[in-house]
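Asker: Pasting the relevant annotations from Swiss-Prot:
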BINDING   G8, L9, S10, G11, S12, G13, K14, S15  ATP binding site
BINDING   D57, M58, R59, S60  GTP binding site
Amino acid sequence: MQVIIISGLSGSGKSIALKALEDSGYYCVDNLPASLLVILINHLQTQHHSHVAVAIDMRSGDSITVLPWQFKMIDKSIRTEFIFLDTRTDTLIQRFSETRRRHPLSDKNITLEEAIQHEREVLATVSDLGHHIDTSSLRPNALRAFIRDFISDSRDPSQLTLMFQSFGYKHGIPLDADLVFDIRCLPNPFYDPHLKELTGHDLEVIRFMEAQPNAAKMLGDIGSFLDTWLPVYMQDNRAYLTVAIGCTGGQHRSVYFAEKLALHFRDAARVLVRHRGLAEYNQYYARR
């Protein structure tokens, strides 16, 4: 039996993620009180459900605070994954404004921003239970793609998920980054008129980067650092590790580095790649 638990801030994309799992054949339960998690799983196991997804959030009230304990009480024979969706406050305010939806914690006595902050503080107790995903700049189809890749990975579920994420500093550091490497000191293909409109996926940019001695040295140093410390992270029983590579715009250098590193570590962990700065590539995909 496989169980995927989804939690996160209101407006972060939980409904989209749950619908993607339902479309993939999962038996889905939305807005479950956290205190009923183990009871539900045990019941569904007796009903021979093999794939189950459950969404638990602040709509269930203060019972969300017991989720860490409930999570630990799940039978160890059941493959269990936890996904926490996070989003920047300014993005959440914009989403609620555009959809004209009411935040579940808002009332006439507090502002929307205050409601979001309160929810963030309460959910801090559960945000580190598993895969922490920043959906601030993630489009719905990209979130669906991440879910599809996540459930299609047949590797050992206890194996650490290693995510390489390229980004542009002009849009801020990703919320879900565990390690951040700044490569803005390297020559920028953006200033070459022939490369300006291309990306780190294009052969011309790849050749440009490969011709830079410092780029090769920095790539090797980052790879060596991860070669040394990745086993230590694994021994710490971490479920995931997000490595963010940042350049100015997230179009050329960081994309090249993320792809190279993902290729290097594809046999060492469950590897995912995301290019936050590329609209057409703003999605997660598995590197196999």
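Quick reminder: no glycine exception, Cβ is built from N, Cα and C everywhere.
Note that the structure is a prediction, hence the values are computed from the model and not measured.
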Asker: Can you count the other CB atoms that lie within 10 A of the CB of M58 (GTP binding site)?
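Answerer: Taking all protein chains shown, M58 (GTP binding site) has 22 Cβ neighbours within 10 Å.
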Asker: List the Cα distance (Å, whole number) between R59 (GTP binding site) and S15 (ATP binding site).
Answerer: 13
Asker: Please report the three-state DSSP label of G8 (ATP binding site).
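Answerer: DSSP call for G8 (ATP binding site): strand.
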Asker: Could you tell me which of these binding-site residues, S10, S15, S60, has the fewest other Cβ atoms within 10 Å of its Cβ?
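Answerer: Ranked by other Cβ atoms within 10 Å, the binding-site residues S10, S15, S60 bottom out at S15.
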Asker: Cα-Cα, whole number of Å: M58 (GTP binding site) versus S10 (ATP binding site)?
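Answerer: Per the Cα atoms, M58 (GTP binding site) and S10 (ATP binding site) stand 8 Å apart.
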Asker: Quiz question: given the binding-site residues K14, R59, which has the greatest number of C-beta atoms lying within 10 angstroms of its own C-beta?
Answerer: K14
Asker: Using the alpha carbons only, what distance in Å do you get between K14 (ATP binding site) and D57 (GTP binding site) once rounded?
Answerer: 9
Asker: Which residues of the same chain, at least 6 positions away in sequence, have a Cβ lying under 8 Å from the Cβ of D57 (GTP binding site)?
Answerer: S7, G8, L9, S10, K14, N31, I64, L123
Asker: Under 8 Å Cβ-Cβ from S12 (ATP binding site), six or more apart in the same chain: what's there?
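Answerer: Sequence-distant Cβ neighbours: L85, D86, T87, L92, T135.
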Asker: For S15 (ATP binding site), just give me the three-state DSSP call.
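Answerer: S15 (ATP binding site) sits in a helix per DSSP.
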Asker: Between G11 (ATP binding site) and S60 (GTP binding site), how many Å separate their Cα atoms?
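Answerer: S60 (GTP binding site) has its Cα 15 Å from the Cα of G11 (ATP binding site).
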